[in-house]
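See below for the structure under consideration.
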């Protein structure tokens, strides 16, 4: 099987020096690191390449619709002061690398420093596993308090998102980042630092909604994700819900709905 | 005076250098505007009232938007320079964009932008022409200078961002909270520019 | 080891006989026969009529299969039957037949999940080792990937199955149900040129078709394209629109255009959710199974997507894609090999039987 080659970058990024570096390739979008409009700042460049399997008219319609939906959500969240990457530039028409053909739409965002929460929790869980034997109760207590604090901040960040009338649509610990405070040296803490701001990223499936159901599904998806990828942190999920509950007026009713969503699960029995 | 003409290679648009100069206490705004209105091609510049500029990033975003649209044959206005003025606007009304951001007879602080869309347009040619025609004090095009001339409330009004908390008048740029508020406002402007016409 | 597979969860009655050689060489299909209950144009198949059809044909088909396979009853090791999911009455008529044969011949029963049957048959025929599976038929629409002894459902339809959506639109247009409504839509779609705007509903890895069906039914009504009379004019209208297209004229959409647009839209949705699942589990193989999987346009689109991801698509032809008996024999025999049996008192069938309920003991 031949190696995968990402499609050509849309113009003008086919002229960028140094060329943007590919970070991740999702089903829908490719994420690159490049420079922002200020050459001394990095930026994240999200490209939604054209999908040659679908009819060109449908392809343009979907690509345009989705990149705009994402951009509009980001713009709204920026205005509301929610911690998300700033929208720096956008092209929903899209241009191919060659002959000005249709190559896909793109969106340039502020670069967020730091690790995704998945990595932070994994580091912490690994550290705990390696050091458990040598820790006394108060140290364990302190470590767990630290992670509880992180989960609470995550809850507050999600609350701020929902308060602004946006639901994420794909909340996982890979879509929440921990941006260290400016000037913090990172090390110093005994295990893993959980200092910093929680920043929400990847709004590719986000939409504007203020319905309890959509909000509850956001939380439920994250709960499941934490349960499956961070077993040790799962018992601390209540802390996230606490942070959420305190973050805006509509939170208690969304949390009430979460109970229903949990009962129902995602599992449906279907007719054959 | 022309020493302050800066030539920027905008990232991602290396083939089209952009020349920018910021002036204070401009004496002949009415004349410059007149040349523009008369369609005098010697005066094909983006002439922007600097009181409407929050920051350098704000201006760069509009320039980038216009030049990118120019490269892809999507101009809504006559040329890339009028498009730059238009690109500051958050709506599709070109005349309105000139009223809001373009040079007025009363303009005192002025940003001049020229894109090297043809080989004759060079740093030297632009510098020489501006030196001969703009009567004002050339100052560095940076956030500090813009902070002295801009009118944040007016900017917020035209971008319909009145609900956003205002950063206090930037006398002390080192203050953390002010920084955050200013950044939030700037990010909101960049988003509005990126999304215009969507 | 030889198994008889009996399938009748929808309007196809399939009997298959499969041999798993003792020396471990590849399994062999000894017989694969099918009889389809075809309803008149404009009508779907009703459970009671379909069940009657299966009852009337099952004995004949089993006899014929044994004859074709050149095996005697003594050679048969087990009788595999579809337990679900599917339509109640047709399922039941086949289960009764399976039980009867089991008692008559003294053979053990193996109940099989219909979806797992499709997956195992697809794997066998194509050689795909660990693909993401798109299972698309008149009753099911699922994106499946294997993980720790289950076929897990990553995405599925939130309302009707994609094949049901196509079949019902065929009814609106009074397209023949022979050999299958989807097949005839596919042929008509090949003449289509204009893409009509239809809803496109994907939520994560799930999708929905009921809104699309309502929209396209509405368009057919609006342009007077539904019903028996129009069905007779297909030939003429297609020619007219081809002439118009050649002359660069915008003509009003034809029935062919509607079929084309419906296929383009729903297949794009299916390819999209499949791609998302592939990215999620990091797989480069995709296997299409189920009746809709025999559609060549769907296979083509899936192939382009897979190629762009550096992978490949695996599909089978109508013999194995469309419901059949050997897929039940194949999946049944894999379970049988691990010691799985369905005792008589548990040999019931069920309309609802999720793919992920089956413990896949035969894979690691």
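Backbone N, Cα and C atoms are what each Cβ position is placed from, and that goes for glycine too.
TrEMBL annotations: computationally assigned, not manually curated.
Of the listed candidates (C:323, C:356), TrEMBL assigns C:323 to the same divalent metal cation site as C:114, C:118, C:135. Per TrEMBL, the candidate among C:32, C:295, C:324 that belongs to the substrate site alongside C:135, C:136, C:137, C:138, C:139, C:167, C:182, C:186 is C:295. Cα separation, residue C:182 (substrate binding site) to residue C:135 (divalent metal cation binding site), rounded: 15 Å. Residue C:323 (divalent metal cation binding site) sits 9 Å from residue C:137 (substrate binding site), taking the CA atoms of both as reference points. Proximity to chain A (Cβ-Cβ under 8 A) holds for none of the binding-site residues C:118, C:135, C:137, C:182, C:323. Annotation for the binding-site residues C:114, C:118: lowest Cβ count within 10 Å of the residue's own Cβ, C:114. Considering other CB atoms within 10 Å as the measure, the emptiest surroundings among the binding-site residues C:139, C:182 are those of C:139.
Distance noted between the C-alpha atoms of residue C:114 (divalent metal cation binding site) and residue C:139 (substrate binding site) is 11 Å. For the domain 'Gcp-like' (C:29-329), the model's pLDDT averages out at 92. Using the Cβ center of C:114, C:118, C:135, C:323 for divalent metal cation, the list of other same-chain residues with Cβ within 8 Å runs, in sequence order, C:9, C:115, C:117, C:119, C:137, C:140, C:289, C:290, C:327.
Rounded to a whole number, the distance between the Cα atoms of residue C:137 (substrate binding site) and residue C:118 (divalent metal cation binding site) is 10 Å.
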